[in-house]
Amino acid sequence: MTEERKPTFELQNSPSESKTEIQEANVIETNSTRGGKPLWKTLGAEHRNNVQRGMKSRHLMMIAIGGTIGTGIFLSAGASIALAGPGSTLLSYFVVGLFVYSVVISLGEMSSMYPVSGAFSTFGSRFVSPALGFTLGWNYWLQWSLSIPAVILQFWTDKLQPWHWAIIIIVPMFAIQLIHVRVYGESEYWFSLIKVLMIIVFITVGLIFDWGGVKGHPGPGLSNFHDNQAFIGGFPAFAQTFVYAFYSFGGIELVAVAAGESEKPYKTVPRAIKATFFRIVLFYILTILTIGLCINYADETLLNAAFDSDVAASPITVVFLRAGFGAAAHLVNAVLLTAVLSATNSCFYASSRMLLSLARSGHAPKIFGWVNRRGVPVPALLLALAFSCLTFLTTIWGEGVVFSWLLNITGISALLVWTSIGLISLRFRYAYLKQGRSLADLPYTQPLFPLLPTGVIILGVLMFIAQGYAAVRQTPFQAKNVIATYIGVALYIILYLGYTFYERFHLAKPISRHFVPVEAVDFTTDAVWSPGTGERIRKSEFETRQDRPARGEGFQWASPIWTWVVWVVKH
């Protein structure tokens, strides 16, 4: 067995020395023995191996733009309009979009400097308290593990049973995860590209149809926003739309988790973080606006798509059909399957990497921290596979009931994680400056600090209160809706208090040391830059860019979309 080397992310040399940087930034593999009885041993998993920085900039960029866009925007978005009207839904998605973008910016400041797979779980332990990191890690793992069956159940049709879809979708995605992180990045790149193109075409066709640009089809114009049709059901209906928005926006923080396996994260993470703005505006705000303009809130197809999982009734399909594109159902069906594959792929990645981080930090059994020679956390992936398949047994109560519960649990869990990130960001910046460190050493600094993380906390609390209010005021009143809303909070509290008691009575840690002291916060481990090197590296990067040919000079099919646009314009 070769000598073990610990990974380091400190890039103290100039960026021009790219070969040296890559050697230092990439995690060194170690050979592993084979022939052990456990499955992970057979697959080469060892506790000495580490994940690898195999994802390139374009992979991370596309994951940020469309990586986690799932069935929510294709099917569930219409239910929000049917419930509260196009105006309320548009406002809801705008508020949640502003909220999650602030979350991503706050998280990006920390992830670009400390690119680790545990992301906010690691930051919670390091900058606030181990109890918070433990709680966020397990909460996030459960959220993504439950998202796998939630996505597939919504895609389910009468032609196949849910467990059939589990085999058709889960097994191939699990196999992809076992190969290499670069395979995950490449598959997500192309999955996301298909969804991106689909949404762009839909918005273009939808707006042309609404404006009356399709011959023989007079467009509805702004009629769906007139005569008190934009806002229906009052505040309770408006508050209920948040859960659909949470579900649709879920996974927007995945960029921070993937930063631990991306090349030169100090450059790629800030770019990916900024790209999320276009994702929010293009794929959510404009899509919801287009659906609201083209389909009236009383149209039965809006609810049929959400609760019957009928792709022919998807708002996107309906708009295509009414615009005269008869084969749209087949096209949307293919893209929807791509979205399901992509979302399942991301679920496996996020849950396995978070469990790996928990195990490496001592917050989960050590076996889940084992990684094979290719940098794949095999035991963590096997647990995600087993848990997701086990969840399908709950369909004995009816797939509609199960989906509703999964929708509520994953939505509230995401809200709790996002709100906690705002708290972590405030503590990070406070401790960072308190130790006398310079903001110039951060690869990316969030604007308007502390406005964004403070706004995240305030908006998170208000939206949670609105969710509870909506559950109580829902007609007819059902206790299960209130339980589904608050069960995620109960889990969050149980995890936090459980670890706190473990610290106090098992580890004999005094209460006064529950929160990490400001002077003891670790700003050295996993840092991409050493103190005082930020300005020098930025200057060297700028000089290197000046010496390179202009972007878009050569055409590559694997380049990001905007590179294609530059090439087409130039040629």
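Just so you know, glycine gets a Cβ as well, placed from its N, Cα and C.
Those TrEMBL annotations? Automatic predictions, nothing curated.
Residues or ranges marked as region 'Disordered' by TrEMBL: 1-21.
What TrEMBL records for 59-509 is domain 'Amino acid permease/ SLC12A'.
Among the features that TrEMBL reports, transmembrane segment is placed at 60-84 (among others).
Sequence annotations record features per position, and here TrEMBL assigns transmembrane segment to 90-108 (among others).
Per TrEMBL, the feature transmembrane segment maps to 120-142 (among others). Long-range contacts of the transmembrane segment (120-142) within the same chain, counting only residues at least 6 positions beyond its ends with a Cβ under 8 Å from a Cβ of the stretch, are 107, 110, 114, 253, 256, 350-351, 354-355, 357-358, 361, 363-364, 413, 416-417, 420-421, 423-424, 427-428, 431, 488, 491-492, 495-496, 499-500, 503, 514-516, 521-522, 525.
The transmembrane segment feature in TrEMBL is assigned to 162-181 (among others).
Counting same-chain residues at least six beyond the ends of the transmembrane segment (193-211), those with a Cβ under 8 angstroms from any Cβ of the stretch are 62, 65-66, 69, 73, 217, 219-221, 282-283, 286-287, 290-291, 293-294, 316, 319-320, 322-323, 325, 331-332, 335, 338-339, 342, 561. The feature transmembrane segment is assigned by TrEMBL to 193-211 (among others).
With a threshold of 8 Å between CB atoms, the same-chain residues lying at least 6 positions outside the transmembrane segment (231-256) that come near it are 60, 63-64, 67-70, 72-73, 76-77, 79-80, 83-85, 87-89, 91-93, 95-97, 100, 103-104, 107-108, 110-111, 119-120, 143-144, 147, 150, 269, 272-273, 276, 279-280, 284, 297, 343, 346, 349-350, 407-408, 410-412, 414-415, 417-418, 421, 463, 466-467, 469-470, 473-474. Annotation source TrEMBL lists transmembrane segment at 231-256 (among others).
Sequence-distant contacts of the transmembrane segment (277-298), counting only residues of its own chain at least 6 positions beyond either end whose CB sits under 8 Å from a CB of the stretch, comprise 64-66, 69, 73, 77-78, 80-82, 85-87, 89-90, 93-94, 97, 100-101, 196, 199-200, 202-203, 206-207, 209-210, 219-225, 229-230, 232, 245, 248-249, 252, 315-316, 318-319, 322. The annotation transmembrane segment is assigned in TrEMBL to 277-298 (among others).
Positions annotated as transmembrane segment by TrEMBL: 318-344 (among others).
Sequence annotations record features per position, and here TrEMBL assigns transmembrane segment to 376-397 (among others).
Here TrEMBL flags 403-426 (among others) as transmembrane segment.
If you look up TrEMBL, you'll see 447-470 (among others) marked as transmembrane segment. Nonlocal intrachain contacts for the transmembrane segment (447-470), taken as residues 6+ away from its ends with a CB within less than 8 angstroms of a stretch CB, comprise 95-96, 98-99, 102-103, 105-106, 235-240, 242-243, 412, 415-416, 418-419, 421-423, 425-426, 429, 482, 485-486, 489.
Residues or ranges marked as transmembrane segment in TrEMBL: 482-502 (among others). Beyond its flanks by at least six residues, the transmembrane segment (482-502) meets 130-132, 134-135, 138-139, 142, 363, 404-405, 408-409, 411-413, 415-416, 464, 467-468, 471-472, 514 of its own chain at Cβ-Cβ distances under 8 Å.
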Same-chain residues near the transmembrane segment (90-108), Cβ under 8 Å, at least 6 residues beyond its ends: 80, 84, 119-120, 238, 241-242, 244-246, 248-249, 252-253, 255-256, 269-270, 272-273, 276-277, 280-281, 284-285, 288-289, 292, 418, 421-422, 425, 444, 446-447, 452-453, 455-456, 459-460, 463
